[in-house]
């Protein structure tokens with residue numbers, strides 16, 4: 001018999017409890033899993049749920065109950081940190097869905113888990129139900145991972161999908177996302193790209209075996225994405241997606257979260273609404289793509305439950321990547337780079353001539369926007385494009401330039 | 001130190017040995033993995049490879065060397081069965097990439113592994129480097145899997161991709177696949193769908209926790225696929241793919257391997273050449289999609305190496321699904337069904353009228369083929385379509401009907 005104590009009885013916690021109960025009844029787990037305590041803020045709110053007899057609002061009472069595994073699905077940071085550390089120090093295995101906690105305190109927490117000889121599992125923290133972490137640290141263990149491309153934030157992907165398919169403005173799409181519960185009242189962490197960056201930081205650290213702090217990631221959210229960007233994308237058979245990208249090389253790590261163009265005939269372009277995708281490129285395995293629902297009660301509950309079963313079945317993996325040295329960050333994408341440039345100017349012919357002289361390939365994109373020239377350009381590197389932009393901006397007749405890179 | 005003995009030093013065996021050596025040098029594995037013996041048919045052929053000092057052609061010598069893990073990558077059946085059983089009886093963990101062996105003798109072999117308290121791992125047997133098995137039996141363990149959709153045979157997917165993108169005939173595409181080493185001289189197991197069916201049998205057995213023998217699977221290969229099928233597909237924004245499909249319900253299991261139509265704006269449609277894809281639908285997790293290279297030295301080697309590391313790290317999962325009772329097989333796809341019908345006939349207007357009277361939706365598809373009517377139809381079930389076909393065939397003016405179902 002395995003005893004489990006759960007901190008939090010919200011969406012994910014409820015999903016987990018349902019799965020534990022269902023699977024116990026179906027006798028599908030070789031060990032009986034018993035819930036010994038559930039920590040909540042308000043007992044009254046949960047009194048009609050299953051296991052109401054083990055609810056507690058008191059952390060001392062919570063820890064006084066026997067448990068082999070502590071699950072943290074409160075989604076806070078300060079309290080979660082204190083409680084998770086306490087659990088690890090008590091030599092309890094911990095399962096968490098808290099990417100913010102790990103992005104901030106991963107190094108300390110994994111170290112503590114290793115010192116105490118217990119597991120700290122976190123599959124649900126990235127990509128909901130998708131087995132991202134397990135695939136990366138177990139199945140791809142023999143590989144050197146060269147790059148990651150991913151859509152890891154369901155809220156922004158939902159908004160971009162709405163803007164594309166229903167021709168909504170950013171504001172309209174955000175409002176709809178909020179009404180449907182896909183976006184928070186304060187959507188900052190999502191729309192500014194912070195949530196995606198924290199997830200990319202965890203994945204990159206594990207994949208590249210060096211620390212990639214989320215604060216070092218070059219982050220650009222979706223608040224500047226306009227309907228007209230989708231029109232441009234359409235002209236070159238692309239879609240706009242908020243992509244997490246990180247590449248590892250001897251020179252360092254390039255890591256960014258930003259809106260980019262992806263080709264219609266790519267898997268990335270088919271990822272709509274709340275669906276997440278992760279693409280790992282390993283030196284042996286080539287490209288491995290994982291897709292699934294990135295959030296929600298049962299998908300995320302299923303990932304937490306899988307972590308619990310790993311512990312029940314003693315399938316442990318020690319995480320050491322977070323105590324490695326900080327990766328050197330490279331600012332620009334290496335290698336050939338294509339981008340759409342939206343240039344606000346008063347001398348279109350001159351701009352086009354300049355582009356044609358500078359780049360190996362250009363395609364002028366028709367637009368209805370007065371005083372704007374749209375051009376798809378291809379260069380030997382992103383730096384080349386950025387230098388060209390800087391040069392143009394020095395001209396008095398160029399007012400502003402917006403760049404969206406295209407990813408192969 | 002973990003001692004490993006390998007049966008077979010071909011493509012996959014060489015990939016595995018490279019990964020073991022590379023990772024040992026990089027000290028990335030917490031235990032040193034030592035290769036104690038490699039069984040080959042001809043020592044001369046491999047004498048310039050690494051570890052030539054442990055080559056043997058003698059199975060007695062092979063088993064006389066110490067080993068904790070035996071890897072079987074010979075790709076035979078009769079010999080592999082005898083040797084794998086011997087290894088399991090000697091209480092050695094076994095890793096195999098041999099789907100044919102498991103599709104025929106899985107029940108016996110997993111039983112033997114369980115009796116001897118050792119692991120029998122087989123990630124590389126399905127989908128090359130894609131972590132299909134691990135995801136299914138560990139990450140999705142808490143789920144009831146409702147359905148599987150997959151492209152599991154690289155050879156046929158390569159041929160269909162060539163037929164689509166380069167407008168080749170089946171014969172031309174097959175010839176090119178053979179020249180490039182993507183198809184065997186005798187391509188039967190691939191083009192007739194047997195290889196895909198064996199893999200679907202293993203996946204369905206594990207997923208549905210009841211035995212789905214490959215001989216019970218309704219199999220149709222790609223030998224009847226014609227260029228004109230791609231023209232029809234194109235008219236309804238679809239591609240033709242050899243899909244493995246299995247659905248589980250209280251009534252039984254529907255399992256088939258056959259060419260079907262998939263929408264251009266789907267992930268399935270983006271899977272080209274030797275790439276494989278598996279889509280699991282779980283009751284909690286929803287749709288999980290896994291994509292990667294389905295074959296090749298390093299992708300497959302990487303999957304075998306991951307299995308070895310699981311054993312080194314004692315991450316075991318006991319497989320019991322194969323001794324369950326045989327699933328009841330349902331012949332037809334349940335629920336709404338769309339299909340393109342190619343009807344060879346002498347009375348087009350009458351055929352169209354009959355279709356319009358019968359089905360909830362029809363779309364007549366223009367074709368250049370003399371005496372053929374192409375129609376996309378939508379019915380409440382596949383049986384309804386089949387009954388209609390039988391009825392038409394009873395008419396003297398209908399010579400033949402080809403049906404290709406469309407999958408959502």
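First residue shown is number 1, and so on along the chain.
Placement of Cβ uses the backbone N, Cα and C atoms for every residue, glycine included.
The feature NADP(+) binding site is assigned by TrEMBL to A:7, A:8, A:9, A:10, A:11, A:12, A:13, A:14. For A:8-123, the entry in TrEMBL reads domain 'Aspartate/homoserine dehydrogenase NAD-binding'. According to TrEMBL, the feature NADPH binding site maps to A:99. TrEMBL lists A:131-309 with the feature domain 'Homoserine dehydrogenase catalytic'. Here TrEMBL flags A:184 as L-homoserine binding site. Residues or ranges marked as active site, proton donor in TrEMBL: A:199.
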Exercise. Could you tell me the C-alpha distance between residue A:13 (NADP(+) binding site) and residue A:199 (active site, proton donor) in angstrom, no decimals?
Worked result: 20
For this session: Specify the nearest of the recorded positions A:99, A:184, A:199 to residue A:12 (NADP(+) binding site), where nearness means the distance between Cα atoms.
Result: A:99
Seminar exercise, completed: The rounded CA-CA distance in Å from residue A:7 (NADP(+) binding site) to residue A:184 (L-homoserine binding site) is 22
For this session: Tally every other Cβ atom lying within 10 Å of the Cβ atom of residue A:9 (NADP(+) binding site).
Result: 24
Problem set entry | Residue among binding-site residues A:10, A:13 with least C-beta crowding, 10 angstrom cut-off | A:10
Problem set entry | For the domain 'Aspartate/homoserine dehydrogenase NAD-binding' (A:8-123), residues assigned helix / strand / coil by DSSP | 58 helix, 19 strand, 39 coil
For this session: Using C-alpha atoms only, work out the spacing between residue A:8 (NADP(+) binding site) and residue A:199 (active site, proton donor) and round it to an integer in Å.
Result: 21
Problem set entry | Of the recorded positions listed as A:9, A:10, A:14, A:184, A:199, the one whose CA lies nearest the CA of the residue listed as 'NADPH binding site' | A:199
Exercise. Listed binding-site residues are A:9, A:10, A:11, A:14, A:184; which of them have CA atoms within 10 A of the CA of residue A:199 (active site, proton donor)?
Worked result: none
Exercise. Fewest neighbouring Cβ atoms within 10 Å: which of the recorded positions A:99, A:199?
Worked result: A:99
Exercise. Quick one: Cα separation, residue A:184 (L-homoserine binding site) versus residue A:11 (NADP(+) binding site), in Å?
Worked result: 14
Exercise. Excluding A:7, A:8, A:9, A:10, A:11, A:12, A:13, A:14 themselves, which residues in that chain have a Cβ inside 8 Å of the centre of the Cβ atoms defining the NADP(+) site?
Worked result: A:6, A:15, A:16, A:73, A:74
Problem set entry | Neighbour count (Cβ, 10 Å) for residue A:12 (NADP(+) binding site) | 27
For this session: Using a 10 Å cut-off, grab the number of neighbouring Cβ atoms around the Cβ of the residue listed as 'L-homoserine binding site', all chains included.
Result: 13
Seminar exercise, completed: Comparing local Cβ density (other Cβ atoms within 10 Å) for the binding-site residues A:7, A:11 points to A:7
For this session: Find, among the binding-site residues listed as A:8, A:14, the one whose Cβ has the highest number of other Cβ atoms within 10 Å in the structure shown.
Result: A:8
